[in-house]
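According to TrEMBL:
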| type | residues | note |
| --- | --- | --- |
| BINDING | Arg66, Arg110, Ile111, Gly112, Thr113 | phosphate binding site |
| BINDING | Gln189, Arg191 | substrate binding site |
| DOMAIN | 26-276 | domain 'Nucleoside phosphorylase' |
Amino acid sequence: MEEDVLYHLDLGTKTHNLPAMFGDVKFVCVGGSPNRMRAFAQFMHKELGLAGDGEDLADICAGTDRYAMYRAGPVLSISHGMGIPSISIMLHELIKLLHHAKCRDVTIIRIGTSGGLGIEAGSVVITDMAVDSSFKPRFEQVVLDDVVVRSTELDRDLAEELLTCSKEIPDLPTLIGHTMCTYDFYEGQGRLDGALCSFSSEKKLDYLKRAYDAGVRNIEMESTAFAALCRLCGLRAAVVCVVLLDRLEGDQIRAPREVLREFQHRPQRLIAAFIRKRLGLRPPAGNTLCPTE
């Protein structure tokens, strides 16, 4: 290919010097919201002790309104929108970007929010395996007129490393479990409060309890596509999501906004500690999230 236009990222091999811009990236963190990923990049800027306050970080994808991308030293922070179609488009172009930039030994982590199963709100789930709505570790992708089934196992050593790091952080309840990925937020997740509902409360609870018995501890809408693509492309990958409610107890998220903000910061705290530890950096003054070895 003479030129590769990464259309949805507003980048390209002829218009940008991708090795100069991204060649030293070692960690890529992706999440749904552009504002959240900007805040994460600013947080990492401070956690890594970089010059300046990080408030003026530029959106590298400012020429498009599809995704947002920020850098903080060796960390790339990118939004992926909501759901499998949106994250898969971003991942295809991100993985090509890393290839064109000649990046090596990159770790990619999805951070986000989710609904829990049988665990308290505020808990952080590190995914060992992403499963579909039938609790199977697979991602079904239609390619031309064929259905291609791909594995969704994630890097177990990376998951254990993250869990070990979490134990050094106060007030950060963390566990490893399966994550169920669905195609929508309402019917696909067994909610009774959508515009349409064709099942009873009893059937909903039976389904969610069967998911729990199969090892599912949280539910979201991106992990199977994320796990499958990263695995096929040889990227070490993890999914780290905080739980906003226990779906066995209800459907609607009713926690106050300030509580939700603190919950949403928990995966960021864990990943910041993990990255600092990998880089051999000490925590900023007054911060004891995860001491270096």
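Note that Cβ sites are derived from N, Cα and C of the backbone, with glycine treated the same way.
Annotations in TrEMBL come from automatic prediction, not curation.
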So the record assigns Arg66, Arg110, Ile111, Gly112, Thr113 to phosphate. If I measure every Cα pair among those residues, what is the longest distance in angstrom, as a whole number? 20
Enter the number of other CB atoms within 10 angstroms of the CB of Arg191 (substrate binding site). 18
Arg110 (phosphate binding site) to Gln189 (substrate binding site) - Cα separation in whole Å: 20
Under a criterion of Cβ-Cβ distance under 8 Å and sequence separation of at least 6, what residues of the same chain contact Gln189 (substrate binding site)? Gly115, Thr182, Ile219, Arg247
Taking the binding-site residues one at a time (Arg110, Ile111, Gly112), which has its Cβ surrounded by the most other Cβ atoms within 10 Å? Arg110
Expressed to the nearest Å, what is the distance separating Arg191 (substrate binding site) and Thr113 (phosphate binding site) at their Cα atoms? 17
Quick one: give me the count of other CB atoms within 10 A of the CB of Arg66 (phosphate binding site). 18
For Thr113 (phosphate binding site), what residues in its own chain, 6 or more apart in sequence, show a Cβ-Cβ distance under 8 Å? Gly32, Glu220, Cys241, Val242, Val243, Leu244, Phe263, Gln264
